[in-house]
C-alpha cells in the first residue's frame, strides 16, 4: 500500500504497524524499540490512527484521548482490513537490533501469539472506536448475572438501569491511569521490550492478554495462567479502594479515577439501584460510573434516599505526579467531602425551592441536624418522665437552636420540637427509653426508606467529658479569653465537680470571656452534651465553623414567644392542609408574599413562634401599617430593592464553611453593595417612615456599606464571574505565591515564543503560530504537501485532509514544565482565595449577617403589609394586662372570618362575633349544633385570628380587641397511631392530658368533640370531667369546648362563666328526615346534632336512614318519659309550695331529652 501524501519516506506512522498475513514474519514481544531510544532516522508518532480522509484529533495526557466519530459503526472495508492484517514491528535502529534479536530468540511461539493478540485487540479498539464496547457490554451482562448471587443484584435491576438515557454511561475500554501505572510498574524489570507501555515485561511472567480478557478472568475469579493462585489478585488501585472502604464504614464512596467518578463493590450496586445507572464488573469489583459534571445532582439523590455519601478525590495532580519519584504508583486519594441530607449546602445557582425534597413539607424550612440526649428524672413519681436536651443546626442558614425540657410518657414536648425543627438527620445515644424510641420511630421513620436518617452514636459522654470537649474546641480556635482558666482533665473528677467549675466560669464569663463563651458555659447540662455531639459530628463534614459564631445561637424556649405544639400546627393547618398535605390552603400560603429566600424562612419562624411581648407586637404592627399606606418615598423603594436578591443567607453560610466560589463571593458582595447604596444614614431624617422598627433596619443596611465596598475594591468582578482565582486580586503583592507562579509560567511562555521563531525559520513561514485543537495546545500545523519537510523527530499528533499537526521535542519538554507551574499556580490561588474569604468572615461576618437579617425582616413586613391591604382586614388592638396578674385574657372579635376559607372557597364566608373573658361574657363556651353546621370552622378562625395578631399581622375581622396569649392549644379530629401501639381513644386522651398539664390562665384552649373515641357513657364522663376541671381552676383559661353531649349544658347553672352556644339553623318540622337550613351563625343555647340528616346527605341507603330514624324516635320517647318521671318524683318528694314552675323548669333543664 502506498504511504499517505503527508508521510515522509522513512517516517513512522500507525499504518506501519500493519502487514498482510501472507508476508508476516514471526515476531516477539520485544519487537519494538523504546521511543526514547529511537534514532533520528525514525520520526515519532502518536498512538492514534493517522488519516487524511477526515478530521482526527488526539489528546495528550493529561487530556483524555478522543475516539473516532463512528456514529454508524465501522465501515465494511475497515473490518475487512482488520481481518487481513496483523501487527508487525517497526524496524528497530541499529544500536538496539542485537538486543531485540536476542530477546526474540528467547520468546516461545505461545508468548508471541498471545502478545500479538493483545496488540491486535488494542489497535482494533482504536480503529473501531466506541462501538468496540458493544461486545464487551454483552459479556458484562453475563458476568453480572453470574455475580448476582454474591451481590444480590438482580437481572431485572440491571436491565432497568441500562435504559437510562441521561446518566447511563457506555463502558470505556481505555485503561484507567492507575491501571496503566500498575502494568508499567509490574513490567519495569529486565526482559523484553513492550511496544504499548514503553517498558520491558519480565520473562518469567506469562504474555499479557487483552484488557477485555483480563477483566473477565479476574471477575470470575479464575486462576492466572501461571497457576500462581486460585483467589482473586487485586491490583494496587483495588487494594486502595478496599482500604478506603475499611477506613470509612457506612459511607457510600464516590471515587475519582482519572477523569471519571466511580462506585465500587456494594456501593456500585446501591448506586445502580438508586440512580438507575448501569453496573458492570471490572476486574474483581462491580463498578458504576457517573459524569463528573452531574456529581452534585447524584449526591442529592443519594442523600435524599437516606445514604451517607463521601467523595474521594485524587489529591495529586498529573503533572506533579509525573515529575515525582512515585510516577508509577497509584494516585494518593483521600476523602475530601462528606454529605448527608442535613449537611448538604446548596450553591447559589441552585433553585431556591423551600418546599422541595431538601426541605420539609411540614414546616417548609431547610432540613436540620439534631442531637437528642435524655436522662431519667430521679425522685419523680412517674418513672417514665425524663429530661431531654436537644441541639439543632441548620447548615444552610447557620441557625443553631438548643433546649432542655421535661417530658412525660407521651413525649409530646419532644414531638413539638421535632415538628418545629424538622430534622433530616438525628444523632441519638446507644440507648433511649422505650417511649422516646417509639416517638422517634413514629415521627421520623427510617432513613433507608427516604425518611429521616438516624445515626446511633457509639457512646454518650457524660457532662464532665462533654464540657471538657466543648471548651477545648473553642479554646483551640482562639475564641476564649486568656483570663479564662483552662478546664483541667481530672481522670477521677465527678460530674458535680465539673458542674461547679462550669458555674464558676459562667459567673465570671461576662467580664473575662467573649459572649460566645459566656453562652456556652451557661448552657443546660443535657444541651451541652448534645452540643458536644453536634460539634464532633460536624467536624467530619468540615462544617464545625458554624458553631463558633455567637449570633447563630438561640434558645427554643423563650418567654417572649408563644410555643405552638405539633397538634396546633396540624389542626389549624399552619403549614400544610390536613387532607391534601400541601401548602396551598394553609396559613403560611396565605401570608407568604415574600420576595427573597431569607424572608420566606423568617416568616415561617414568625408564624411558628408568635410574640408574647406587647411592645414588640406594637412595633411590628406600626411597621406593617406604614408599609401598607406607603406614604414615605423610602418605603416605596423597598419593593424594588428586595426584588431579585439571591439567597444571601445561604451565601454567607457557604463563605463561612469555605465552600463559596469566586462567582458566589462576587454575587453576595454585589447584591449587598446594591442594597447598602440605596439607603444613606445621613438621610435618615428625611425618611419619615413613622416606624421605629423600619428605621432601625434601614440604618442596619446602611451600616454595611463601607465593609462591602472595602472587599469589592480588592477583587476583579470580571475574573470573579469567570471563577478565575489566579487573576482575582487587583493587588498582586497581597499574595506573592501567585505572582511567583505566574512569573515562572511567563518564563516558559517566553521560551515557547522563542522556539516558535526557530520553527518559523525552519519551515520558512514567518506568520506561523501555535494552534490548539481538542484541548491540545502548542501544536505546529503544516499543510499536507509540506509535511515531508518537517524533521523526523517531531511527534505527529493528528491530521486532516489538508493539514497535519505536530509537537516538537522542545514543545513537549516546555509544556511539561509549564503544566507543573500551572498546577502550582492553581494550588496557590486556591489557598489565597480560602484565606481571603476566611479573613472576611472572621472580621466582618457579624456586620454582613446583620445586613442580611435586616433584609429578611423588611421582606416579611412587606409581605404582611400586602396581606393587610386585602378588603376586610383590620389592625388588632392589644389590651394590656399586668404580666404577673392571674387573670384570663380578654377576647372581643366582631365580624370574625376564616382568613383561608374566604380565599379558597367560592362561597362567601359568614362572619361571627366571639367574646371571652370580657365584662359581659365568661371565659368558657360550650358549643353544640348540627353536624356540618360550622363549629370547627368557627373555632379554627378564632385560633387563626389570635396567631395572626401575635405575629404582627392584620386580621380578618371588623374589630379585634384581644389580650396577649401565651399559648394556643387545639385538640381536634380522631386518629390513631397504630405503629406506636396507640389507639384513637388513647391518642385523644394523651393529647388532652398534655394540654391540661401545660396550660395557664393566659392560654387559649380549643377541644373538639372530646370523648368520641369510646362508648357514649365513658365519653360523656370524660368530657364532663375535663370541662369541669377547666371551669374549676382558680383562674380558668379561655376555653371553647365543642360537644354533642348535650347533658353538659347543665353545667352552666353551676358555673356562671360558662356559656352555652350553638350554630344556628332553621327547620319547619321535627321530622328527622325533613330538610334543615344551616345559618352558620353563633347563637346562645344548645342544639341537636342532626346526625341522621348528615347521613342522609352522605347518600346512605334509605333503608338504613329509616331504620335509624325509627330507633332515634324510640330512644327520644323513652328518655322523655324518664325525664318526666324524675320531675314528678322530685315534686312530690318536696313540700307543695316548693313544687313551683321554676323548680319544674330547672329539673327539665337538668335532664333534657337527647
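Glycine residues also receive a Cβ, built from the backbone N, Cα and C atoms like all the rest.
What you are looking at is a predicted structure, and each value in this text was computed from that prediction instead of being measured.
Residues or ranges marked as region 'Disordered' in Swiss-Prot: 1-119, 172-233. Per Swiss-Prot, compositional bias 'Polar residues' is recorded for 21-60, 183-195. Residues or ranges marked as compositional bias 'Basic and acidic residues' in Swiss-Prot: 69-83. The region 'Mispair-binding domain' feature in Swiss-Prot is assigned to 228-342; the stated evidence is similarity to another entry. Annotation comment: Swiss-Prot describes 929, 930, 931, 932, 933, 934, 935, 936 as ATP binding site.
Annotation for residue 935 (ATP binding site): same-chain Cβ neighbours under 8 Å, separated by at least 6 residues, are 927, 928, 929, 1008, 1042, 1063. Sitting within 8 Å of the Cβ centre of 929, 930, 931, 932, 933, 934, 935, 936, and not among those site residues for ATP, are the Cβ atoms of 1063, 1078.
Counting only same-chain residues at least 6 apart in sequence, those with a Cβ under 8 Å from the Cβ of residue 936 (ATP binding site) are 972, 1008, 1042.
Cβ neighbours within 10 Å of residue 934 (ATP binding site), excluding its own Cβ and spanning all shown chains: 23. In the three-state DSSP assignment, the secondary structure recorded for residue 931 (ATP binding site) is coil. Ranking the binding-site residues 930, 932 by how many other Cβ atoms lie within 10 angstroms of each Cβ puts 932 at the bottom. When other Cβ atoms within 10 Å of the Cβ of residue 931 (ATP binding site) are tallied across all protein chains shown, the result is 18. Counted with DSSP, the region 'Mispair-binding domain' (228-342) comes out as 41 helix, 34 strand, 40 coil. Of all Cβ atoms in the shown protein chains, 28 besides its own fall within 10 Å of the Cβ of residue 929 (ATP binding site). The DSSP secondary structure for residue 936 (ATP binding site) is helix. A simple way to gauge crowding: the CB of residue 933 (ATP binding site) has 24 other CB atoms within 10 angstroms, across all the protein chains here. When pLDDT is averaged over the region 'Mispair-binding domain' (228-342), the result is 88.
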